[in-house]
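Enquirer: This is the structure I have questions about; it appears just below.
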Amino acid sequence: MSWGTELWDQWDNINVHTQKGIDFSERYIHFLKERSSVEMDYASKLKKLVKNFQPKKRDEDEYQFTWSRAFVDMLKEVYDMASQHEVVAENLTGTVSRNLQDLVTETKTDRKKYLQDGARLQEQLRQSSQTLDKAKRKYEKAHYDSERSLDNYRKADADINLSRAEVEKHRVVMNGKVQQCEECKNEYAAQLQTHNNHQTEFYSQTMPQVFQQLQDMDERRIHKLQECVLQCAEIEKNVVPIINTCIEGIAKAAGSINTAADSKLVIERYKSGFAMPEDVPFEDLSTGQSIEPSNNQTPRIPAPANSVKNATVSGGKGKKRGGLFGIFGSSKGKVSTPVKVDEQKEDFSDLPPNQRRRKLQQKIDSIKKEMAKEHSEREGILKLKDVYAGNPALGDPSTLDKKIEENSQKLDGLRQELLKYEGYMAEAEGKVSRRHSASEDSRSLSTSGSGDTQHTQQVSAPGTPQVQHNVYQPIDGDEDGEDEFDIFPVIGHCRALYPFEAVNEGSVPMGENEEMQILEQDQGDGWTRVRKGDGSEGFVPTSYIECHYYDADQV
């Protein structure tokens, strides 16, 4: 069956039909998109439902029973089923819809080309027909003029009143008209032959070819649509085994419920271990004696455990941390700033001893983990800087100074936190930390008249860092601390390797190759206390100086 032979005169209907096929394909694409949206929305709501019913961390102890664990396993399987619906949605949108969209785009392009070809062939046939009509009208007019000139000649030849010259004139006109009529006749005949040949080719070859192209295009669209429908079925078919596996997992979770095991677990969890009370003895008031059971004892029923627990917790919460530790409540170290209640609990002093030690240990472990991360990052930056220094074409080493400085500041802040919480831990364990406790730092390192204070920033790379110092304010009433640094003896001398600008209180600037006296050795925080030639004292980065101690050399 061919459209070119069967539907040779239905060009307009073929035009409309092919457009309807494209419209239907686009509608099917919209269906797939909405179907994918429904699947994705269903999967999202199903996952949200699973998330809402997931056991909270505080309720983990309650999920030791087989029925509760089976419920958790069921939630996992439902989550996996939701994921399969997401797979369906992604495949429908990413594969089927894309293929159909490409098909529609290709079909529109081909249809436009074929319609243009058909319209061009029809226009050529129409122009040929118009040329034939024009030649026919010209022949008809020439024939009419020839007949009329012949009639005039006959009349003139029969008229005895006309001269021979006038009759000859009519004969010449008649012959010209007859000749002109023959020419128009021949032209009309030639045009008719051309038109007939063109029309025959149009209806037997060129136009059927266009119809065939449109038919092939529509059949390709239908075949591709069939493939897409089968592909949708295949997508559904592929997830069915996984969904069945999830259903089997739910059934397996149901089979894992053990009634006897759960009952035994309840006994083990709530069993007190006390013996049951004996019978109440009869008291004979007349004789003042009592008849007791054979064991002569009635066990004492213990008080509920929660009464002791509540008393401990309430007693612990009634105390608020204050005293000297209130000095460090403000982030800026101002004594006059009021201390908030939340800031007083940073040492977990409102908790019982065991809980406090556990919380402090968790905090210390967290800080150490963060420090290890920052150290790894620092090593990577330093290695990259060495690479840049060895090959300047890869980058400028100075661009990494800011990152090194920021990393040093982070490490300094983490060291301060670690020292602080280690001091809290030592306090909780009843130990004394000479330099790690925040309270002892405030006692031993007070602000002097020149603003000297200890710094814990360690800068290991050359350059002028923006140092952030921890300034410990003096404790009220501790006036003797202001002269503590004046008694430090000179223990060595040093030379500045790099220039350093003091940007915060407690540090002193120095120029390159400047000679200074060492008053206090680096205590592990990266800073050394020195005295300059003009008598000013303060801290400078240890990595910026070359030290010489009187008892040993240290570079």
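Along the chain as shown, the residues are counted starting at 1.
Placement of Cβ uses the backbone N, Cα and C atoms for every residue, glycine included.
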Enquirer: Under TrEMBL, the annotation region 'Disordered' belongs to which of these stretches: 122-149, 290-317?
Expert: 290-317
Enquirer: How many of the residues that make up the domain 'REM-1' (350-427) does DSSP mark as helix, as strand and as coil?
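Expert: Residue counts in helix, strand and coil order: 72 helix, 0 strand, 6 coil.
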Enquirer: Summarise the domain 'SH3' (489-550) as counts of helix, strand and coil residues per DSSP.
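Expert: Helix (H, G, I), strand (E, B), coil: 3 helix, 29 strand, 30 coil.
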